[in-house]
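To keep things clear, I will list the structure first and then write my remarks on it.
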């Protein structure tokens, strides 16, 4: 699914402030990671990254390409490509708990300031 900024803001409201990361920071980071498209798959340095949050198959999910995957989120990577973001959010929070927001490389250079443009006026 191709989300809009406002649709995504609505769905991800529960992440606002989690571990000190604001909703606009998440929206910006997701935009620069996957363009709000749940179907995004990127092959990167021998890993494959899936979905909105670009969660990789080496550490966080399994896809039978990398064996063994640590599969910390205990899930098939394909689950990050559907429209239900519940499992994506649960895994993203685990990543945040463990690695911090800078796990998402777009965050520091692109999403640490001037975040007004990432707010949804309708919320």
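For all residues, glycine too, the Cβ spot is worked out from N, Cα and C.
In Swiss-Prot this protein carries:
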- 79, 82, 84, 87, 88: Ca(2+) binding site (BINDING)
- 6-120: disulfide bond (DISULFID)
- 28-111: disulfide bond (DISULFID)
- 61-77: disulfide bond (DISULFID)
- 73-91: disulfide bond (DISULFID)
- 1-123: domain 'C-type lysozyme' (DOMAIN)
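Everything Swiss-Prot records as a feature, shown here on the structure.
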residue: 6; record: disulfide bond; Cβ neighbours (10 Å): 14
residue: 28; record: disulfide bond; Cβ neighbours (10 Å): 22
residue: 61; record: disulfide bond; Cβ neighbours (10 Å): 26
residue: 73; record: disulfide bond; Cβ neighbours (10 Å): 23
residue: 77; record: disulfide bond; Cβ neighbours (10 Å): 25
residue: 82; record: Ca(2+) binding site; Cβ neighbours (10 Å): 14
residue: 87; record: Ca(2+) binding site; Cβ neighbours (10 Å): 18
residue: 88; record: Ca(2+) binding site; Cβ neighbours (10 Å): 24
residue: 91; record: disulfide bond; Cβ neighbours (10 Å): 23
residue: 111; record: disulfide bond; Cβ neighbours (10 Å): 24
> What is the separation, in Å, between the Cα atoms of residue 111 (disulfide bond) and residue 84 (Ca(2+) binding site)?
Replying inline: 25
> Within 8 Å of the Cβ centroid of the Ca(2+) site residues 79, 82, 84, 87, 88, which other residues of the same chain have their Cβ?
Replying inline: 51, 75, 80, 81, 83, 85, 86
> About how far apart, in whole Å, are the alpha carbons (Cα) of residue 88 (Ca(2+) binding site) and residue 120 (disulfide bond)?
Replying inline: 21
> Whole-number Å distance between the CA of residue 6 (disulfide bond) and the CA of residue 84 (Ca(2+) binding site)?
Replying inline: 16
> Any idea what DSSP makes of residue 73 (disulfide bond), helix, strand or coil?
Replying inline: coil
